[in-house]
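Q: Before I ask anything, here is the structure I am working with.
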Amino acid sequence: MYAQRPPEERIDRYAGPYERWVFSEELGRPYAFPAIRQPEARHMAAILEGDGDPSQMKDAETRLPPLWPPQAAGHAVTPFVFRNDNEVDLSPDRALAKRLGTLTAPDLSPRVRLNMPLDAASWVETYAPETPAAQWRRPARTPKAILGVIDNGLPFAHRAFLDTNGKTRISHLWLQSARALPSDRVPVGREITNGEIDALRTAHGADERRLYRSVGAIDGDMPEVGRLLDHHATHGGHILGLAGGNGARLPGPELGDDIQIVAVQLPNTVAWDTSGFGKEMFMLSALHYIFARASEIARDCGVAGELPLVVNFSYGWSAGRHDGRSEMEAAIQQMLARRRQVQPETAVVMPTGNTFDSDMHARVAASDFEEGTARVGWRLLPDDRTSSYLEIWLPEEFDPQGWQVRLIPPPGSGPLTGTAIDISADPELDPVGDLRRFVELERDGHNLGQLSVDFHRGSRWRVIVAMIPTAETGTDRRLPSGLWTIEIARGHGTPIGESEALYLWLQRDDDPRALGMGGRQSHLEGASGMVRGFGCLSAICSAPDATRVAGLQGGTGQPAAYSSGGGLDRLSGNPVAWGAQPDFAALSDQGPSRPGLPSLGTISGSGARLVGTSAAAALASRWMVSNAASGKALQDGLAPLPLLPPGDARILRAARLGRGRVPIEL
Amino acid sequence: MTAEALRHLGGDAVPPVPGELTPGDPSNYGRLAVWVRGSLYVSEYLSGIGWKSCNAGDDHTSVLQVDGADWVTLHRPSAELLRDQTRRVSDYAPLREERGAEILSQLGFPTAYFAMILGLHSASSKKTFELITATQVAAAHSAMIVKTALAVRRPDQVDGRILPMIPTPGHGSFPSAHATEAYAVLTVLEALVEAWGSHADRAGRVAMLRGLAERIAVNRTVAGVHYPIDSWAGATLGRAVGRAVLGRCGRIAEGGASVLDATDVDFFDHDLRDPAASAAAGLSVDTQALRSNPMPAFTWLWEQAAGESEGG
């Protein structure tokens, strides 16, 4: 039973549905990832939406990461971290509510979004962002372009990143979750620059794992760093190699010494949580850091203005607005637009996603309603040890007064309460920020799920259904697995227009084995044409100026089966594109019987394969930054797609592969 | 029936006086079945091996002696240290998936892994394999003596969540016999490669041998059957066993008496060789060199193996 809290301890007044779910013990916290399950978080990551300076927050030590441009204000979304040492003897959600209530200046309060807690040992005691980087050295050749890479498990000492003189091409690196030094130029974690990497390579020779241990890049006592680099291969190593490495396992073109790399290692468990919640601060601050250090490199190398910059960001989640107006997308768009004013050759390259054939997206059109209701099946598999999430997005500015969403459980689930929610604001809640409403799905007083509605960013209604695991997890709660039916009922409300639709997305819930989280992917089932791959793009790649890269299968020239596609509606029998579409494609499978692309393993000399559009994006970044260093436009030389078979619709092909392919063969 | 059918064909002459074998001559070893030589190696190695246990309050130690001298002293780890080390064992578990095949293939003596680095083959490296096996057997005997004396519980007996990926062996945890054997073989092979002098890439091969010894030891932690301190104790003991074998072979292998009073650290080959890191791990090595007495069968075996040089 979800206990009612006094107003000042209600996290749902200050924070959104995901925050309420993962921080509340009666709801999803027992199944959240380890950082959330810590007894109490005093060091937090957060973002501030809209203009403002988070340092106006009271009662907390607030820090801005290196920002670009460096002003504290004027950003669409500002990432920041804060520390609050006040003793609060309450459960985490209540303590966080209390902190948010007292922390926020009146103007800022509605716009602070909590992220993951930070490990206290990653907090830098003396944050000195203006200090010069002591061990940075000017590259021997003046840079012509910068490659940024944001990922996990980065093997930065790998020989693939050395220049022709044996010095590293990685100019700056930020390990966001590493054990902090007493003083640093980053607010949390640790910055490592090229001179230090060279010195480490000299000191440790071929023993790269010892090198990583010596700087805290392998650290069993820091859960967000952990022993990931002890593994044979990591996602980040693979991507950093494809985007910026040279060597026998890597494709051309060879990257010259005039391409410098700025890399950011996210918390290594960033892939753990299945909600997409809690990561924006790390991602946005990584982007700002790369932009800021790119400026610094240009300045210190005597380059006038800004250098061309290609940032590879092979990450995403699946549920979200998909209209370019999520917090992440708004921030990416603003940064791209601003930097392109001073340096047009600026790109943030992202994969389209790997969910095309996963049945994780559905479109419910006006014609799908019968007698005012529409139904979509949500199949939740047994033995899923993580929370599962479904999002329903209503048309922008649509007023759903009178609408309701109901859950019909699988047979044998027993008597349940809290199976329906009105899509309207809860007048009792007195929320700070977006209008919201919450209902708890319960059986015998035990929570099984949370239904929520919120008027997201004041412009679009969203319904989220969050469910506890179907597996035995050691708590006294378990969700009945099977086919749950989502019934959307418009009641006495206004119908949606003939050309409008409601869109459903599931959050990713698969299981990176290295994390041992035990997730199982649920999927949607519906009437013919309702559940579809078109429209299942990653939820953070829809910023208009982001570069979206789809995956192509070598040999056949077909889209990789998993490569997520842009939105297509069928109106009057004809497909019509909606929302962001892939810009172009790059190889992500070498062929039908050779899935994935080869790249680096963790240690110099080792190799690994990775399957997914992440690799396609990295290949595109390699090509684009190479173009930039040659003085060409970033997408110069885009190759045509293979010829269409007769009868294939061009628009379908474009929604899968965009308008061309990266001219790199493997 | 064959004898009856053929005997008459041999005639009726008096049998000849044989050419005699030379008693005590090393050339006779080559005429023996391998298992017989094995008995000789075990006998020669153990002829000077002794052990003692010392108990002073809560401090229990086990001392391995070679030819009358104390070579290795291992302090029994406290219960608290074992508890602390289980966390490190758990931290290694995510590597089980990628190291599973390797771990299963190293359940017995992982000789093939050493052979891989040195390019050994049974056709051309018979006596080198025999030397490796004799060293492994000496190391295993030594480890079992010390394990039994110290009686240390395995990780899964301390923390039920370790859930080892292979059956926990029926003997104590500290020291690790796999680490003892790997480091004993490493010590002997380092000397043999030096004696061969034939590998142009000797330094690289020796570095890989060291990396292999570390990996064999650490794989047992990944599997969930050993603490990192077991590898420290095993490597310490194994290096001593290797030197004792080399002494039996008539080789000079410098090294002093070792004492390990383990602390809560992880195990790395580099740290074993680094004086500051090994001191932090609780290992001290005396500067006075010790040497075991040479014995004939081992000396013969060394000479045979030294003649099997590979490389160029």
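In case you wondered, yes, glycine gets a Cβ from its N, Cα and C as well.
Quick paste from TrEMBL:
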- B:1-10: compositional bias 'Basic and acidic residues' (COMPBIAS)
- B:1-22: region 'Disordered' (REGION)
- B:143-245: domain 'Phosphatidic acid phosphatase type 2/haloperoxidase' (DOMAIN)
Q: Mind checking which residues reach the region 'Disordered' (B:1-22)? Cβ under 8 Å, same chain, six or more beyond either end.
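A: Same-chain residues near the region 'Disordered' (B:1-22) but 6 or more away: 28, 31.
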Q: Considering every residue in the domain 'Phosphatidic acid phosphatase type 2/haloperoxidase' (B:143-245), what is the mean pLDDT value?
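A: Reported value for the domain 'Phosphatidic acid phosphatase type 2/haloperoxidase' (B:143-245) is a mean pLDDT of 97.
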Q: When DSSP states are grouped into helix, strand and coil, how many residues of the region 'Disordered' (B:1-22) land in each?
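A: When I sort the residues of the region 'Disordered' (B:1-22) into the three classes, I find 9 helix, 0 strand, 13 coil.
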Q: Run through the domain 'Phosphatidic acid phosphatase type 2/haloperoxidase' (B:143-245) and tell me, per DSSP, how many residues are helix, strand and coil.
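A: Its residues fall into 75 helix, 0 strand, 28 coil.
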